Amino acid sequence: MSNPDVEAGGPARAAPATTGIKPPPGRYNMASNGNGNGSGNASYVPPSPFYYDNAAAHERHHWSWLVPLVVIANVAMFVVVMFANNCPRGGGDCVGRGFLRRFSFQPLKENPLLGPSAATLQKYGALDWYKVVHGSQAWRLESCTWLHAGLIHLLANMISLIFIGVRLEQQFGFWKVGLVYLVSGFGGSVLSVLFIRKGVSVGASGALFGLLGAMLSELITNWTIYTNRFAAMVNLIIIAAINLALGILPHVDNFAHIGGFATGFLLGFVLLIQPQFGWLEQPFGAKSKSKYKAYQIILLLLALVLLAAGFAVGLVMVFRGENGNDHCSWCHYLTCVPTSSWKCDN
């Protein structure tokens, strides 16, 4: 099994004071031989420093419960996988064997992230091209986003999810953020399995990048209700660019990042649209302004068309067994760029 490597995601959407949060590591491509901000005080909700309408900011505050539940589910899944992995059963120099017993980690030379073997991950739902296409196991396109390559991988992803997801859930509610998270993870997996045919891939980074993409599109479509918007946009673009650039390292599934980001970016135009500035202040029954601006509706419709077309084309190509690299000779450089220090094997 090759050593899995880490990539980064993005920080929480917020005021300038929060832009120093470290970006999240997330999605791993592991070689295989085929084998808190809680809801806070309910009586007072500090409005976003970017938001013009304080009353609307208060009104849109939601209690965050879905993101903590997702974190708990991911931790529970990691515990189950480690229990099933049972490193001592196979012998070898298991890490922490003396006190962790069957929960001990695979040897560091096999998995430096303190986790299970690639075979165990594959058994429990890791993304595997052959099993998805020829084994009628399409469920792996989503199940892989609930698995993690190791304890380090899990902690980095869950901390990042808390920083990003809690704030978004507080502003937009659980079902919108949950939908962006799930669909973005799925979208990242579709693009990944279309281009990567070797090894197994796990991690929630496609979903995390989806939240980052949704933050960017939400800023664009709700442009008129924010202040400091240019600074916020530049910050988000730089963060996304740096984190995607880290995906060119070997054994990092950057296709999952790109697919997740693109999916979340389009979903943000659809799900995170908000009324234009001043609409809520109009007297009841005498609203002269339309709820949304024309450009918001245009972006929403365009995003819906692109989402439908993208998923339709991508899924048809996947289940027909087509290799994305045959249609894009340079795309493999998006996930790994060979250097004198490492090689990229398809």
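Glycine is no exception: its Cβ is also placed from the backbone N, Cα and C atoms.
If you check TrEMBL, you get these features:
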type: COMPBIAS; residues: 8-20; note: compositional bias 'Low complexity'
type: DOMAIN; residues: 136-272; note: domain 'Peptidase S54 rhomboid'
type: REGION; residues: 1-34; note: region 'Disordered'
type: TRANSMEM; residues: 65-84; note: transmembrane segment
type: TRANSMEM; residues: 146-166; note: transmembrane segment
type: TRANSMEM; residues: 178-196; note: transmembrane segment
type: TRANSMEM; residues: 202-223; note: transmembrane segment
type: TRANSMEM; residues: 230-249; note: transmembrane segment
type: TRANSMEM; residues: 255-273; note: transmembrane segment
type: TRANSMEM; residues: 294-319; note: transmembrane segment
Counting by DSSP, what is the helix, strand and coil composition of the domain 'Peptidase S54 rhomboid' (136-272)?
-> 109 helix, 5 strand, 23 coil
Selected stretch (most C-beta pairs under 8 A with the transmembrane segment (202-223)) from 65-84, 146-166, 178-196, 255-273 | 255-273
Report, as numbers and ranges, which residues of the same chain sit near the transmembrane segment (65-84): CB under 8 Å and 6 or more residues beyond its ends.
-> 38, 102-103, 105, 115-116, 120-121, 123-124, 146-148, 151, 154, 157-158, 161-162, 165-166, 169, 174, 177-178, 181, 204
